[in-house]
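Okay, so here's the structure we're looking at.
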Amino acid sequence: MVIFAGIVNPAISGSLELHLEGERLTLHAESAGLQDILRAIAKQGIAVQVDPLLNPEISISFYNKDIQQGLKSIFKSLGYVLIWESVSGSSDIYLAEIQVFEQGRKAFIKPLKIRDSFDIARNPENGSLFVRDEILLRRKMGMPLAEFEKIINNINGIITDKNDVLGIYKVQLPENTDIPALVKELGKISNIAGAEPNYAYPISLPYRNIAGNPSFPEHNFSFASAGTASVAVLDSGLLPGYGLDELVVASLDAVNPENSISDGLGHGTQMALIASGVIKPDGVLDNDKEAVPVIPIRAFDDNGVTSSFSIMNSIDFALEKGARVLSLSWGSDTKSKFLEQAMEYADSKNLIVVASAGNEPTGKPVWPAAFPSVICVGALGPDGKPWDKSNYGSFVDLSAPGFASMPIGYKGEPGAYAGTSIATAYVTNIIARYLSKHPGASKQEVLTKGLGIKDQ
């Protein structure tokens with residue numbers, strides 16, 4: 001069997017062709033993630049376990065190698081174990097399982113997850129990303145459901161989900177549907193109140209090794225008490241074991257709701273550490289030992305991509321679980337009316353939404369941070385001066401410390417990181433602590449007294 005992946009998702013790189021026949025392996029990989037290679041092998045019936053944070057890019061090409069030699073050339077300096085089993089009633093053996101890990105980290109391996117990612121396409125006209133063959137629709141008030149369903153049938157669509165709060169339907173369409181063209185056509189129908197692609201948004205990439213590479217061998221972080229106001233961290237998820245377990249109020253895998261939460265990237269765990277106050281940004285002279293409860297939500301897949309509909313459902317969960325603050329450490333130059341309405345709805349329910357301005361100093365608005373209902377955060381360096389890679393503009397409400405030493409890496413080693421994502425998570429921590437002390441405070445009071453922003 002030949003497996004070929006031509007990748008269009010910008011958060012995944014490279015191409016991959018793999019062929020396994022008996023115990024002979026052929027592989028051609030160009031900047032392919034290790035876990036993509038392992039998934040291709042797993043599809044041949046071989047069990048795979050790997051450290052979820054281990055995913056280096058690999059470029060290699062060989063033909064018809066003995067599988068042991070082929071795997072050795074792939075894994076190189078990595079630690080790995082091959083488990084062989086015998087065929088019942090025969091002396092033959094076969095490769096049953098592969099375990100891959102960094103040297104000394106075998107205890108961190110977990111069964112490899114078959115990809116639960118969004119299938120992403122790009123609009124050639126404006127460069128926006130969207131989930132392939134999906135569309136989001138809202139029907140006008142008073143429109144009979146039967147009439148709406150007739151429109152869905154006419155485009156050969158199937159309603160697969162609905163966000164009841166916003167009245168937005170997710171519709172699956174036939175393969176290779178021209179989504180941008182269909183959106184334009186549906187926009188001409190008077191009884192359709194709104195039509196959009198299910199836009200996709202990549203996670204903001206942090207900057208690493210800014211000022212050294214500290215280590216945290218014990219992961220022993222302590223706090224005196226926990227406040228009452230919680231922060232929902234809408235990101236890549238959460239990994240256990242970093243001092244956060246007692247602070248988790250609730251959690252959700254919005255990509256695959258039937259799964260328990262995980263974090264294949266590390267970014268969500270980083271942001272939860274900052275939002276909770278377990279880790280403080282560099283240069284912050286704050287001895288407050290009160291931690292902030294968190295509600296980690298995995299809205300991004302393991303490629304670092306989320307969708308409009310995932311965000312909507314994540315907001316619903318955050319509100320259901322009593323979150324007072326929503327941390328969005330990511331942004332996009334794609335403006336979505338549905339996304340804006342989701343932010344406005346959160347704001348109307350007294351959920352204070354905070355989002356990052358972006359790590360490219362373009363001066364151009366980034367969404368959702370630039371929506372009026374959202375607090376937009378830029379980054380400062382440890383010296384208190386604006387970080388030179390932080391975005392700027394009239395849409396930025398404030399800047400906050402954006403450098404931190406992390407015990408967990410973003411697809412890599414622990415170390416020093418920088419970004420408006422860190423600044424955003426830190427601002428949510430400040431807001432939550434203020435709300436714990438002043439539970440009846442309005443958003444305007446939080447802005448002026450909690451954050452020191454002048455009346456707007």
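Cβ atoms are placed via backbone N, Cα and C, with glycine included.
These numbers come from a predicted model, not from an experiment.
Listed in TrEMBL:
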type: ACT_SITE; residues: Asp235; note: active site, charge relay system
type: ACT_SITE; residues: His267; note: active site, charge relay system
type: ACT_SITE; residues: Ser421; note: active site, charge relay system
type: DOMAIN; residues: 126-198; note: domain 'Fervidolysin-like N-terminal prodomain'
type: DOMAIN; residues: 230-446; note: domain 'Peptidase S8/S53'
Between His267 (active site, charge relay system) and Ser421 (active site, charge relay system), how many Å separate their Cα atoms?
9
Counting across all protein chains shown, how many other Cβ atoms sit within 10 Å of the Cβ of Asp235 (active site, charge relay system)?
31
Could you state the whole-number distance in Å separating the C-alpha atoms of Ser421 (active site, charge relay system) and Asp235 (active site, charge relay system)?
10
Suppose we draw a 10 Å sphere around the Cβ of Ser421 (active site, charge relay system). How many other Cβ atoms does it contain, all chains included?
34
Coarse DSSP state, helix versus strand versus coil, of His267 (active site, charge relay system):
helix
Taking DSSP three-state, what's Asp235 (active site, charge relay system) in: helix, strand or coil?
strand
Taking the Cβ of His267 (active site, charge relay system) as centre, how many other Cβ atoms lie within 10 Å?
29
